[in-house]
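Chemist: Would you mind keeping the following structure in view while I ask a few things?
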Amino acid sequence: MQAFTTLTGIAAPLPKANVDTDQIIPARFLKSISRLGFGKNLFANFRYREDGSENPDFVLNQEPYRKAEILIAFENFGCGSSREHAPWALLDFGIRCVIAPDFADIFHNNCFKNGILPVRLPKEVCAQLMEDAKLGANARITVDLEREVVVRPNGEEIPFKIDPLRRHLLLNGLDDIGQTLQHVASIDSFEAKQKAAQPWLYA
Amino acid sequence: MSAQKPRTLFDKIWDAHVVETLPDGTALLYIDLHLTHEVTTPQAFDGLRTAGRRVRRPDATLAVVDHNIATDDSRRTGIVDPESRLQVETLEKNVVEFGVPYIPLLDDRQGIVHVIGPELGRSLPGMTIVCGDSHTSTHGAMGALAFGIGTSEVEHVLATQTLLQKPAKNMRISVDGNLAFGCSAKDIVLAIIGRIGTAGGTGHVIEYAGDAIRALDMAGRMTVCNMSIEGGARAGMVAPDQTTYDYIAKTPNGPKGAKLARAIEWWKTLPSDAAAHFDTELRLDAHAIAPQVTWGTNPEAVLPITGTVPNPADVEDEAKRAQMERMVQYMGLTPGQRLQDLKVDVVFIGSCTNSRIEDIRAAASIAKGRKVADGVRAMVVPGSGLVKKQAEAEGLDRILKEAGFEWREAGCSMCLGMNPDKLTPGQRSASTSNRNFEGRQGPGGRTHLLSPAMAAAAAVAGHLADVRDYQPKETM
């Protein structure tokens, strides 16, 4: 997993609430057995018209947002299906950070496993950042995980909070399976105890 | 556990599964059952292979194909779509390589992962259950802590049989009294989501309680728990009781004899203590719930079937008004229009929400002696091969086919638009599934969520209809 420290980039405004993972990547595109290549179908139902051509009204089809690395949206981002293909599609497109008032739980977890930083900020701050983002290519936004601040194009700093363990893993790009396997002795002894108390759980 | 403060059902299961608590309060939580399917596992098995890791507990893992497959006879001659075929073949290769028990496509026990877990007796009270699918919340009906995870977490569970988790908040939703005529578990859960909203349960595990929940059979409890995720909660649960134990005793793979007796002894300690603390409480009067149907593009946009399409102009908040305008436009509606006047093109009875034998009986009771309206395609997709066999033994397939319904093979089918069963742009469906998101059942498709009996009524009426006009009172 790629570490996330500080990102300065173009932010795309998506002023919608309840952006579900079926919108982020429709189910018909989930058939790949790889983690890569989902970016071309990110937001497919909005990005492309029925004949397959680009919909010029959708933000990610407009300059400079084709190169967006940050996405700003409204409440309950990532609700619905647990598909990790949603963060994979965002990442494959080039988005490393999503800013919203709140996120659905599973999507929120999935982001951290893929080096994407989900930042919770109050709705009015998100609305303000969307206005900043509309200024275009010169209006770069910085997201600094080390210092836990978002820096607006005018230099104003907005603090945010990330769970300390998740912040540590993300800053260092650590795989948490390796981390968990350090506790394998505890898992062994848990299983021995559980097997004695609840034998029906074991084949 | 020594004498301690009163705990909820969730607290008790959580405490019983903490392997270790890390310094920041994150728990390493043990997972008792890991259900897997073809769509959210290929990258996880690939990760194991790359790292040279094995599956820690194949006996606590079960694989099945459900999302991607056709639900007609074509499944017998091989999967047509090359990408779908590759995904299924990849799972088949992975289960052999990693020694994971697998139910193949043409096995009678094949079905939707959230139907077969309880049906086979694999999902049990007190367990922690995960699957790379958000509707894993379904298994909470057994009195288990069951939730959906992403593919990285699937890999983590395969390798370690644990997950890194922070405890959730406790929410209790009590549904008091008796359900009114014409209503079912689906109407309860749609009414709940209408009340709490799509994010109302975020960060919480919901325990469903009250007379109306106790009175539900296991299928009904599964329907309610299934849609917890639609209210933002990762898990929903119902405390185990005699209904649960009787159900488990009849399953093919559940514990038997002395093992079952010993298990029940433990399961009886699980229900929330009387003085347990819930962070959020909500009460609903069951009798006040009318048959529900969604009109918009998220499950919180729901109304009684007697309702009319709301008018965005009445909404003050600008963002909410814009969202409602978009819903009305996408769904092809006119404000003020009666929901019962909406003509349907497709009726879908199936999905992990409503494809169990009880759901099919409910649909057949409405279909019996009636005909599907002209121009309507109506399909019934049993949740598993075993449900299908049971329905056929009861003659339900004949009733449905005579009425003009398609009787299909088990799978996720038209719930999610990733297999051959899809809506075409502009088609309006009455669907017993769980998500009415834009494009969920196929690009441009318009979904109205409702109960199996309501769906069958829509099929014979040709438009959304009030099941109470179709259901003889004595059958209730």
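Cβ from N, Cα, C; glycine included.
Predicted automatically and left uncurated, TrEMBL annotations should be read as such.
Under the heading [4Fe-4S] cluster binding site, TrEMBL lists B:C352, B:C412, B:C415. TrEMBL lists B:423-448 with the feature region 'Disordered'. If you look up TrEMBL, you'll see B:426-436 marked as compositional bias 'Polar residues'.
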Chemist: I need the most crowded of these binding-site residues: B:C352, B:C412, B:C415. Count other C-beta atoms within 10 angstroms of each C-beta and give me the top one.
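Modeler: Sorting the candidates by Cβ neighbours within 10 Å, the top entry is B:C412.
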Chemist: Helix, strand, coil residue numbers for the compositional bias 'Polar residues' (B:426-436) per DSSP?
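Modeler: Across the compositional bias 'Polar residues' (B:426-436), the residues distribute as 0 helix, 4 strand, 7 coil.
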Chemist: Determine, for the [4Fe-4S] cluster site, the additional residues of the same chain whose CB lies within 8 Å of the mean position of the CB atoms of B:C352, B:C412, B:C415; present them in sequence order.
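Modeler: Here the non-site neighbours turn out to be B:D66, B:H67, B:I112, B:H114, B:H135, B:G350, B:S351, B:T353, B:S355, B:G411, B:S413, B:L416, B:S433, B:N434.
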